[in-house]
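Engineer: Annotations for this protein, taken from Swiss-Prot, read as follows:
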{"type": "DOMAIN", "residues": "21-335", "note": "domain 'Protein kinase'"}
{"type": "BINDING", "residues": "27, 28, 29, 30, 31, 32, 33, 34, 35, 52", "note": "ATP binding site"}
{"type": "REGION", "residues": "361-464", "note": "region 'Disordered'"}
{"type": "COMPBIAS", "residues": "373-391", "note": "compositional bias 'Low complexity'"}
{"type": "COMPBIAS", "residues": "409-426", "note": "compositional bias 'Polar residues'"}
{"type": "COMPBIAS", "residues": "436-464", "note": "compositional bias 'Polar residues'"}
């Protein structure tokens, strides 16, 4: 390359340190790199941004794939990549996103902590409905554009704080997303293990090779149940964190303890699953005779005749062929009864959730989880965010993660497929404060976060 051209190119290249002020504003840290809350130096706007510095030098193929997807996706409920900076001097890669102040993992933890402190603060019904509708809207857009997310969980669902997009849901972390219109080989061959265990569909646990967008719908059902109860519905101890074998006995056992063992008539193709013989060897149908989703949700005061429960049943249908689609779910009667979903999930009320705190350069954002991770090496397999959660001694660990990855905050940019018309209901009552004993950890909008929740739910190492 011509020397003069290289000099000219270098002089014209925008440098992140010249454009943004971010020193001392770290909000996330992990094996993926670092995330900073940043502002423009030129004062052209007063917005907050999230700057993610990718760990290491250069750019990996997985990062290239994620960036390529993010540059194409434009929808109000999907994260939007603003810009990519390449530092020529140290070969660092920086990604710029809009800053999201909250995420579902911290929101749910806030309510779970209030319950643990005997000062229960329920997630308002209207907020749950608005959150679910916007998640479905974003996933419908992805699926309509032939994209599987493959790692949906509360930590990857961001919620914008004060500002023009107040209360807007952003689906984050496209690190495991894949196009599924014409794969060269079965997706299971490309990535044998996807989706954090607690949110993993039964067909994945049974080794399905040609899995579909139904895996995202199951994960949304898990998130919906967690919003309704403040407890992860399929939490269990995790083992074999490094295994590439999708079959997981304990996770299947947890699902059957909640849902019951699937009858042949309910899932006819279960016999075609690669791990069906292992399933029949390890499990006895009569062990789960008294288990059902109705009984589980009744314990959490969700009535089986409610529209919320009926939709949950459709999302958590064992047979992926019979599982509802995102488009069908958005048309469910649940969204037609009061309170109606709103574009601001907080419905104009005061936001009760704490803002993210800054980390020191030496302070890992997952300091509260580091010890847990060492103890859980076989217990947590999470794609970068491990949710331990638990109501009893069997769930003292968090959901396993796969590779630690970061979840960028996001912005809105208009939808290619459909932008919902959210109907606004009457404002919900303001949330009571559960008190100082429920202090929240640093949230890292899907980037990464410190988990300081009660020991039984020292949930997760967040990421971006």
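Cβ atoms are placed via backbone N, Cα and C, with glycine included.
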Engineer: Within a 10 Å radius of its Cβ, which of these binding-site residues (27, 35) has the fewest neighbouring Cβ atoms?
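Structural biologist: Ranked by other Cβ atoms within 10 Å, the binding-site residues 27, 35 bottom out at 27.
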Engineer: Could you please provide the mean pLDDT value for the domain 'Protein kinase' (21-335)?
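Structural biologist: Mean pLDDT for the domain 'Protein kinase' (21-335): 91.
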Engineer: Of these binding-site residues, 29, 33, which scores lowest on Cβ atoms within 10 Å?
Structural biologist: 33
